[in-house]
Amino acid sequence: MFRRYLSVTKPGIIMGNLISVAGGFLLASRGDINPWLMVATLIGLSLVVASGCAINNVIDRDIDIAMARTRTRVTVTGEMSAMAALCHGVVLGIIGFGLLIAYTTPAAVFFAAFGYFIYVGVYSLYMKRNSVYGTFIGSLSGAVPPVVGYCAVSGEFDMGALILLVMFSLWQMPHSYAIAIFRFKDYQAAGIPVLPVAQGIDKAKRHIVLYIAIYALVVMLLPISGYTGAAFMAVACITSFWWLLMALRGYRRNIDISGWARQVFAFSIINITALSIAMAVDYQSIAPQLLALN
C-alpha cells in the first residue's frame, strides 16, 4: 500500500524540486540559515509538489494508458482508484500549504499556489492536451520551487527571485523537448501536441539550441547582479557551454536523434543540479572577490 501511495506522487520529481528549493533558500539566506524555516519550507513544498503530481495522475489516466512509459502507473492499472489518489493528493496539499502558511512568508505561499494552479488547473487540465504551448505554460510551474525557497527567506519577490524564475523556466524548455523527442512515439500515440510531434523534430532541435543559449545568458545575471560569486560563474559557464555544444551536436549528419535527445536530457539534470548547489554555497558577490585579488 505504501508503495502505491508513494509512486503516485512521483518521487523523482519531488527529489529534483527539493534540490532547487534548497538552492533558492540558501541563496537568499547568504550564510545566515534558519534551520527550522528551511525544514518547514522543504517539507511544505515537497508535499505541495506531491499533491500536484498525485492529482495530475488522476487527470492523465486516459492518456497515460496510451504511453509505454506511463501505462504501468497505479492509477492506470487499477492498483489505486482515482478517488483514492485524488483524496491522497488533496490531503497532501492541505498539509503542505498549511506548513508554508504557518512558517514561511506570504510571497512564498503565493508562488507555491501560483505554481500549483498552473500545473494542475491550466497545464494538466487543458494546455498539455490541446496546445503546443503547453510545455511553456508547464515550465512556469516547474520554475516555482527555487522561487518559493528564495521568498521563504527574503519575504519578497526581488530581482534575485525574478532571475531564478526566468532561469528555471528557460531550463525547462530544452529539458522537456528532449524528453518529447526520445519519447516521440509515446506522445504521438497519446495525441499530446508537444513541439516535436506537432511541428517536427527539426523545429524542436532549433528551439532546444535557442533556449539553452538564452538560458546560459540569463544564468550569468546572478553573478553580474551580485547574488553569486566567481565559483558559481565558473560552474555556470562550463556546464551551460557544454550543454549548448551537446545540443549543437544534434545537427551532425546521421546522428541517432533518440540517443542525442537522451544525452541532452541527462545533461540538463547535471547542469541544473550543479547550478543549484553552486548558488547555495557561493552566495558572495563577485565584485568583492575580484577586488580581493588586486
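The count begins at 1 with the first shown residue.
Cβ coordinates come from backbone N, Cα and C, glycine included.
Taking Cβ pairs closer than 8 Å, the transmembrane segment (8-28) reaches residues 38, 41-42, 45-46, 49-51, 53-54, 57, 73-75, 80, 85, 88-89, 92, 145-154, 160-161, 164, 168, 227-228, 269, 272-273, 275-277, 279-281, 283 in its own chain, all 6 or more past its ends. According to Swiss-Prot, the transmembrane segment annotation covers 8-28 (among others).
Positions annotated as transmembrane segment by Swiss-Prot, on the basis of sequence analysis: 35-55 (among others). Residues 8-10, 13-14, 17-18, 21-22, 25, 29, 85-86, 88-93, 95-100, 102-104, 108, 112, 115-116, 119-120, 124, 141, 145, 148-149, 152-153 of the same chain sit 6 or more residues outside the transmembrane segment (35-55) yet have a Cβ under 8 Å from a Cβ within it.
Cβ atoms under 8 Å from those of the transmembrane segment (82-102) belong to residues 5, 8-9, 40-41, 43-55, 57-58, 61, 74-75, 108-109, 112-113, 116, 148, 152 of the same chain, restricted to positions at least 6 beyond its ends. As annotated by Swiss-Prot, transmembrane segment applies to 82-102 (among others), with the evidence given as sequence analysis.
Taken from Swiss-Prot, the feature transmembrane segment covers 107-127 (among others). Sequence-distant contacts of the transmembrane segment (107-127) (same chain, six or more residues past either end, CB-CB distance under 8 Å): 41, 44-45, 48, 51-52, 55-56, 59-60, 93, 96-97, 100-101, 133-134, 137-138, 140-145, 147-149, 151-152, 154-157, 161.
Sequence annotations record features per position, and here Swiss-Prot assigns transmembrane segment to 132-152 (among others).
Taken from Swiss-Prot, the feature transmembrane segment applies to 162-182 (among others).
Here Swiss-Prot flags 208-228 (among others) as transmembrane segment. Listed by sequence, the residues of this chain that lie at least six past the ends of the transmembrane segment (208-228) yet keep a Cβ under 8 A from its Cβ atoms are 27, 159-160, 163, 166-167, 170-171, 173-174, 177-178, 236-237, 240-241, 243-244, 247-248, 250, 264, 275, 278-279, 282-287.
Taken from Swiss-Prot, the feature transmembrane segment covers 229-249 (among others).
Taken from Swiss-Prot, the feature transmembrane segment covers 263-283 (among others), and the record attributes it to sequence analysis.
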Residues from the same chain, set at least six apart from the ends of the transmembrane segment (132-152), whose C-beta lies under 8 A from its own: 17, 20-28, 37, 41-42, 45, 49, 52, 100, 104-105, 107-108, 110-112, 114-116, 118-119, 122-123, 160-161, 164-173, 176-177, 180, 192-195, 198-199, 276
